[in-house]
Amino acid sequence: MNNTRPRLVSFWCSIRVAVAFVGFLGMVAHYSQKISVGIALVCMVNHTAISQHKISIDMPTTQADIDCPYAKNTMKIEGPYSWTKNIQGIILGGYFWGYLITEIPGGYLAVRYGARFIFGIGMIISGIFTLLIPWGASLHYGVLWVFRLIVGLSHGVIWPSMTVIMAHWAPPNERGKLVGFMNAGAQIGNVLTLSIGGLMCSLNFLGGWPLIFYSTGIIGLIWGIFWILFYADSPRDQRCISNEEKEYIIDSTQKQLAGHSKNEFEAPWKAILTSPACWAFFTIHTCNNWGTYTFLTSIPKYMAEVLRFDIKSNGLLSSLPYIMFWVNINLSGAIADMIIRKEILTRTQTRKLFNVLGNLLPAIFVIALAFMTCKLKYIAVILLTFGVTFTGCCYGGGFMLTANDIAPAYAGIVFGISNTFATIPGIVSPYIVGALTEKDPNNWRIVFFICAAIYIIGMVVFLYIGSGDVQPWATKQKTEATTAEQVPLSGKILIFLILLNENNDLFFF
């Protein structure tokens, strides 16, 4: 293939960038729904009733109560529900039980049948049940848990679908930019919900906090319908794409995709589950997600309980780390592509470098965060921001691209398996945070130490056995260059005649 060809195909004014942009908006909708309960719980719960109940049992005054008492004008907004921290942890975990169940089936279906309807219908269903959450909460927290479970089931297909989309639409030399940009929509969803959600809580319109669910539910519904109308599972089926761009994308990606049709598709389950490269990916993904989910679900509570920010400052400051996270994802994706393109490092070395940056540095900042108090709350916000920001290195140039690197043809399945393991922290982490901090907010320090240790474990495992190269079992089932030993004598004669005809024009068929 002509090595100069990618330079002749426009990047910014292209359909592949349009696909990435619409996918970006889908991730905004996805994560705005995903994080909605985390910020809404701060407004839904009647903290005064819970505090009075604790005091009546055995709750002493904490050091934070002495050092940083709540000012009258910064008291928490009181909601209608007297849910303990354990119940709140159960509610937060309900989403992830559903999310875990559909990862592998979602990846398999997206690989075999395409991501158009899998992604679109998933967002439509999640939008409907997000709209129903305020009503469900009014019935019982168990109903809310079920609705969040259904939202999780719908969202479980999304990340595997994203890897399938990029397997067909992102040329390898542009993978960091396109995948990083699309994935960065998750952080914008976090930013919007964390910042605007706190403001919505303070409104009197429709009860305040229900607006968080109404707005994110409607956004998901609209986006799901638009996605189904806009997206095509292959550049071949996209109506608006130029022939030049279509040929460029297909030429760049097709050699890494399986050579069989969808009807003949068979997933190499045994090869995937026995591959060291896959297990390195599974491990670092799970360990990194422990930190991500700890922050994603618990930052609003940490801001309110330990740093003693009021609800409006809570939302705005909670979103700051994710603004920088978003910036870093895009920067690291572009830098990783440049490093690989200029052959400064191999693809594997590049992935390892960015995984070190995205795990070691957050671990250091998390350890420092463990020693912060409400008297140093702005320094704590800075440390938190740096820790979350550097995690973006993993998303733009690190392990989040590994499924497409090592098994492009089966990226959805590999990522689905990985995200199944990586969803477990989303179930366990909120419960552990709730259990540790229920009686003593000082135990946030333990939460951060656990988080730092898990970051390091994932980084070390990927350094030893991780890879960024296409694995032998993930190559085409039928190679285009058939070896002489595999061709019968009659076939050899026919190939000889065809080649002779092409070179000397002596034979005509």
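Glycine residues also receive a Cβ, built from the backbone N, Cα and C atoms like all the rest.
Source: prediction; values computed, not measured.
Per TrEMBL, the features are as follows:
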type	residues	note
TRANSMEM	9-31	transmembrane segment
DOMAIN	18-470	domain 'Major facilitator superfamily (MFS) profile'
TRANSMEM	90-110	transmembrane segment
TRANSMEM	117-137	transmembrane segment
TRANSMEM	143-167	transmembrane segment
TRANSMEM	188-206	transmembrane segment
TRANSMEM	212-232	transmembrane segment
TRANSMEM	319-340	transmembrane segment
TRANSMEM	352-372	transmembrane segment
TRANSMEM	378-402	transmembrane segment
TRANSMEM	409-432	transmembrane segment
TRANSMEM	444-466	transmembrane segment
Is it the case that the transmembrane segment (409-432) and the transmembrane segment (143-167) touch, counting contact as three or more CB pairs under 8 Å in which the residues of each pair are 6 or more positions apart?
yes
Short question: which residues 6 or more past the ends of the transmembrane segment (378-402) have a Cβ under 8 Å from it?
175-176, 179-180, 183-184, 187, 277, 281, 284-285, 288, 291-292, 295, 299, 306-307, 317, 320-322, 324-337, 339, 350-351, 353-355, 357-359, 361-362, 365-366, 368-369, 372, 462, 466-468
Close approaches to the transmembrane segment (117-137) from elsewhere in its chain (Cβ under 8 angstroms; 6 or more beyond its ends):
26, 29-30, 33, 36-37, 44, 81, 106, 109-110, 143-144, 146-148, 150-151, 154-158, 161-162, 165, 207, 209-210, 213-214, 216-225, 227-228, 231
Tell me, please, if the transmembrane segment (9-31) and the transmembrane segment (212-232) are in contact, taking contact as 3+ Cβ pairs under 8 Å between residues separated by 6 or more positions?
yes
Which listed range (90-110, 143-167, 319-340, 352-372) shows the maximal number of Cβ pairs under 8 Å with respect to the transmembrane segment (188-206)?
319-340
Highest-contact recorded stretch vs the transmembrane segment (352-372), from 90-110, 143-167, 319-340, CB pairs under 8 Å:
319-340
How about long-range neighbours of the transmembrane segment (90-110): same chain, 6 or more residues beyond its ends, C-beta under 8 Å?
34, 37-38, 41, 83, 118-119, 122, 141, 144-146, 148-161, 163-164, 267, 293, 297, 412-417, 419-420, 423-424, 426-428, 430-431
Other same-chain positions with a Cβ less than 8 Å from the transmembrane segment (319-340) and lying at least 6 residues past its termini are 173-181, 183-184, 187-188, 190-192, 194-195, 295, 299, 346-347, 350-351, 353-354, 357, 381, 384-393, 395-398, 401
For the domain 'Major facilitator superfamily (MFS) profile' (18-470), the mean pLDDT of the predicted model:
84
